[in-house]
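Here's the structure, in structure tokens; my notes come after.
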Amino acid sequence: MPHSGPSDAVEVKKRVLLLKPRGFCAGVVRAIDIVKIALDTFGAPIYVRREIVHNRFVVNELAEKGAIFVHEIEEVPEGQRVIYSAHGVSPAVREASRTRRLKVIDATCPLVTKVHVEAVKFAKQGYSLILIGHRDHDEIEGTLGEAPEATQVVSSAEEVESLVVPDPNRVAYLTQTTLSLDEARDIIHALKVKFPNIAGPHTQDICYATENRQVAVRNVADGADLVLVVGSTNSSNSNRLVEVSNNLGTQAYLIDNSAAIDPKWLEGADTVAVTAGASAPEVLVEDVINYLQRNGYSSVEEVEVMPENVRFGLPPEIVQAIGGAGGGQSVPVRQ
Ligand code: SF4
């Protein structure tokens, strides 16, 4: 019988799979740029309604540079300058800004604006609107505000059953941009069963960044023992990445940074996949990778699942302020 001593043991190489695309999307880059440019151009104080993007690190960094974050427009002193977050606002917020004579800079992601435009269009055409999303999310609050009397929010396929509308043949659905593709598909299926003539958006509302990051996790989850998602707890798209992996049977955790890693998670985890939500900066990913390297993960392999090269132009308020450069049109460029 062969003897198997310590010298014969095969050393398992612990490795990290670093997913790409990960982290900042075009809407987040644009929103952060808008706050930085506004601070540089106009100087403090610059007020920002709600978290500009859902990441504590980013918000703290901008607050240190002089941005003042408020929850509601009423907290902004009359006549001051305010920036709307990437998640968008309802018409009621725009009206409140006008009443307070605020100088508004709109950092709403163009892909969120697309959903607002669809909501207005369907409501004008007399449709009952079903908005698929999470009721407590800033984006849903804004989109719902476009046609509150005509809109109902659903968050699960089970909720579809109890929907009541005036005319089942005049119903349309829209979705939050940062949903799980699988969950949205199930809810849309339930809606189509209940309302066979339901109308939908021209192209899906779930944005390219949300989709790409989920596809990347799906591609590697099977080959990993653990998935770490860098992102804040209130980031919808980051939470969805954790769900995608857990649904595939690979344990995943959402972490703000390396300090949130429980060493127990790494026990027996030879391959750790790392990704980041659309609002998580790369510096936090680097912090997590450094931690893993210090803990024996000597190999870091970047796994690019698909290329991503999307840019959005700056809003006219900023373009005018900086003298015309930067592109006034917010046009998504997909590659
Ligand atoms: S996650 Fe999507 S919708 Fe949200 S800011 Fe980024 S690109 Fe826009």
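Cβ coordinates are placed from backbone N, Cα and C, and glycine is handled just like the others.
Taken verbatim from TrEMBL:
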- C25, C109, C207: [4Fe-4S] cluster binding site (BINDING)
- H54, H87, H137, S235, S236, N237, S279: dimethylallyl diphosphate binding site (BINDING)
- H54, H87, H137, S235, S236, N237, S279: isopentenyl diphosphate binding site (BINDING)
- E139: active site, proton donor (ACT_SITE)
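Features per TrEMBL, on structure.
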residue: C25; record: [4Fe-4S] cluster binding site; CB count, 10 Å: 28
residue: H54; record: dimethylallyl diphosphate binding site; CB count, 10 Å: 29
residue: H87; record: dimethylallyl diphosphate binding site; CB count, 10 Å: 28
residue: C109; record: [4Fe-4S] cluster binding site; CB count, 10 Å: 27
residue: H137; record: dimethylallyl diphosphate binding site; CB count, 10 Å: 19
residue: E139; record: active site, proton donor; CB count, 10 Å: 25
residue: S235; record: dimethylallyl diphosphate binding site; CB count, 10 Å: 25
residue: S236; record: dimethylallyl diphosphate binding site; CB count, 10 Å: 25
residue: N237; record: dimethylallyl diphosphate binding site; CB count, 10 Å: 27
residue: S279; record: dimethylallyl diphosphate binding site; CB count, 10 Å: 32
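Taking a Cβ cut-off of under 6 Å from any atom of ligand 1, the binding-site residues C25, S235, S236 reduce to C25. Across the residues annotated as binding isopentenyl diphosphate (H54, H87, H137, S235, S236, N237, S279), the two Cα atoms farthest apart lie 15 Å from each other. In the three-state DSSP scheme, H137 (dimethylallyl diphosphate binding site) is classed as coil.
The 10 Å shell around the Cβ of C207 ([4Fe-4S] cluster binding site) contains 25 further Cβ atoms across the protein chains shown.
Recorded residues S279 (dimethylallyl diphosphate binding site) and C207 ([4Fe-4S] cluster binding site) have their alpha carbons 14 Å apart, per Cα-Cα distance. Cα of C207 ([4Fe-4S] cluster binding site) to Cα of H54 (dimethylallyl diphosphate binding site): a span of 16 Å.
Put simply, E139 (active site, proton donor) is 5 Å from H87 (dimethylallyl diphosphate binding site) when counted between their Cα atoms. Taking the C-alpha positions, the distance from C109 ([4Fe-4S] cluster binding site) to the residue listed as 'active site, proton donor' comes to 10 Å.
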